[in-house]
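Enquirer: Structure provided below as structure tokens; questions to follow.
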Amino acid sequence: MNKLTQRIDKERLLLGIAAPLLAIVAALVVTALVILATGKNPGSAFSDMVTYGSASDSQVYILNKATTYYLAGVSVAIGFRMNLFNIGVDGQYRIAAFFAAVLGGALTTPGWISIPLIILCAMATGALWAAIAGVLKVTRGVSEVISTIMLNSIATAIIAYLLQPGKLAELQSGGTVISTKPLPSSSYFFQINTGAAGELWGFIVIAVVVGVAYWFVLGRTRFGFDLRTVGQSESAAMASGVSVKKMIATSMVISGAVAGLIGMPTLLNDSHQFSNDFPTGIGFTGIAIALLGRNNPVGIALGALLWGFLERTTNHLEFEGYDKEILGVIQGVIVLCVVIAYELVGRYGLRRQQQRVGAELAAQAATTQKQEVA
Amino acid sequence: MRRVAKLSAACIATAALALTATACGSTSSQNDSSSSASSGGGKGIKIGLAYDVGGRGDRSFNDSAARGADKAVKEFNGSIKELTAKPSDTEADREQRLTDLASAGYNPIVAVGFSYAASVDKVAKQFPKVNFGLIDSVATSPNVDSITFTEEQGSYLAGVAAALKTKKDHVGFIGGVDVPLIKKFEAGYVQGVHDTNAKVKVDVQYLTHGSDTSGFSSPDKGKAAAQGMLDNGADVIYSAAGSSGNGSIEAVHGAKGAWAIGVDSDQYNIPGLAAYKSSILTSMVKNVDVGVYDFIKSVHDGKPLTGNQVYSLAKNGVGLATSGGFIDDIKAQLDAAKKKIVDGTVKVKTAP
């Protein structure tokens, strides 16, 4: 018996490594073909990506970007575990960052009060915005896909309305950039100075804490068990006494609260204000990263780092004369490959398991028959 | 307990690894400068261009900057390296673009578009010997030339032309994104229309809002907005929307008797729009090319321009294109309006 569990574990481990490996090899092959088709040399492109991506300032860039992407990935993954497709992460983080920036600009309290207040304000705004979709779903049965995507547009419109001089924003010198009142320097989040490589954002610590909390709550608490149960089968969860409606609303709120954190590394570590060039579309990147990381806290981190690496290095590929659209191609191919590879490996593993169980049962049947005959 | 110990050990190990990797590696600019030193590089002036969303080929704003650089390269015998912004850019991406150019030895570097304002300031401080040009915004570093235009004055003239040419007393304005810069276009245009004929109705529409900059690069959105205005009864439509304006011109061409007013470049003469040029009344030309060329020339001559160069109507930094001859019949009125702006009798608003 002991021997058997050992063998299964080893095989599971092997299969677990096989899937991402297969995906990355397939993605590399497809990307190489695409670059070849544009008449360029894929080999030198890959080697440029590795040398440029491993430079120290690139590492800092990648870690900073990955901090934002990790939070986005976790936010989407919370919904995924529950079988909820929260497309609204994008709107949730933007409206959260906006109101947090407005609050931060108005606060004159010392940093140890302001920073937690700004972060809490962002989480509360994100949670409230997501709660609209959650409430609509449980009370009216509105699909969260539809409601959250609509709420994204509404968030854009609300921000555009309020981000005007004389409302909640001011015009900066030069007359072209419009932004909320900048945060006082006491409200800046700490950074780690790495010398010539630039500043590593301190918010990476919060991202790690969120990752650990995600792992603990989903994997080690009763709430997490209930949430995963509802995600796998609503009827089974209901039969075992879980209030499905309450779980849907709660997980939507939690997903929104984490989404509220997405804009915080940029706001507290980098821009210190919400201006009309605040980055957009990170919520959608989060969907790709959650898929890439298979909703696993470590997997999402790897996905976020990979995404940051790709953005950094493909930016430089343009400099080397490759087409800038190559980034989109690589990202799309990787996500497709990962999803397909996991499905293939999963099916293969299932078949192996069935075969083995079948063989063991047959062997058992054979021995019992022999005994009967004897 | 054991699990906690294991977990924290793993965390510390990862953090230590990351830190050592960061501390030990050389930066990309060090890698770059060593490689570019070995490759030698060509003779003449090396111009770096960082475009806004849309890039070369938008037939409008970015193309105008590209023309200025092309002219300079032809004259001074040099080379151009071009990089283009994405709508999903963050500050870090813009800084990377400028740093890549500066560390590879490009000088001067022109940042095309107001979104580069903060990043130009930051990178210019890191490379004090490199000359930077910034279009449409103002930076404070001493080695930056801020090139701005009085778009509201040119747009005022576009408004005068629209009010004189409309038959239905109904005109339209399409802005790419509702940012302060594009509002200058709107303010001047609306004032120009109403100063000429107070009865004319002006429809105003922005394609995207706030931080969504896709309105500058979505011809489909421009086309839909223009179609809506035409259906609503407008017959002269002015679009200040980057490459989205191409879609609006296409829609106007489909409506009989309607006119489009182009922007930034003289769009009548843009080959990609040749099929629609019979509908392009005029273009509010913003001579970004002149600004870019002047700046590159000053660097080439060893006397780099700095501070804020304002290209106004008086200096022909903005104006109306006459290609096609469609506004020749109203030349007298346009000249009168221009004179009033230049001598200060008419003050054009910069915000609607």
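Glycine is treated like the rest: Cβ placed from N, Cα and C.
Per TrEMBL, transmembrane segment is recorded for A:12-38, A:58-80, A:92-109, A:115-136, A:145-163, A:200-218, A:248-268, A:326-345.
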Enquirer: Same chain, outside the transmembrane segment (A:115-136) by at least 6, Cβ under 8 Å from its Cβ: which residues?
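Expert: Tertiary neighbours of the transmembrane segment (A:115-136) are 86, 88, 91-93, 95-97, 99-100, 103-104, 107, 109, 142, 144, 147-148, 151, 155, 183, 187, 189, 206, 248-261, 263-264, 267-268.
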Enquirer: Using a cut-off of under 8 Å between C-beta atoms, tell me which stretch among A:58-80, A:92-109, A:145-163, A:248-268, A:326-345 contacts the transmembrane segment (A:12-38) the most.
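Expert: By Cβ pairs under 8 Å, A:326-345 leads among A:58-80, A:92-109, A:145-163, A:248-268, A:326-345.
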Enquirer: Can you work out which residues elsewhere in the same chain, 6+ from the ends of the transmembrane segment (A:248-268), have a Cβ less than 8 Å from its Cβ atoms?
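Expert: Apart from its flanks, the transmembrane segment (A:248-268) reaches 64, 67-68, 71-72, 74-76, 78-79, 81-82, 84, 86, 88-89, 92-94, 96-97, 100-101, 104, 115, 118-119, 122-131, 133-135, 137-138, 144, 183, 187-189, 201, 203-204, 206-207, 210, 227, 230, 274, 278-279, 282-283, 286.
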Enquirer: Restricting to the same chain and to residues at least six past its boundaries, which positions have a Cβ under 8 Å from a Cβ of the transmembrane segment (A:92-109)?
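Expert: Long-range Cβ neighbours of the transmembrane segment (A:92-109): 72, 75, 117-119, 121-123, 125-126, 129-130, 151, 155-156, 158-159, 162-163, 168, 180-184, 187, 256, 259-264, 266-267, 273-274, 278, 280, 282-283.
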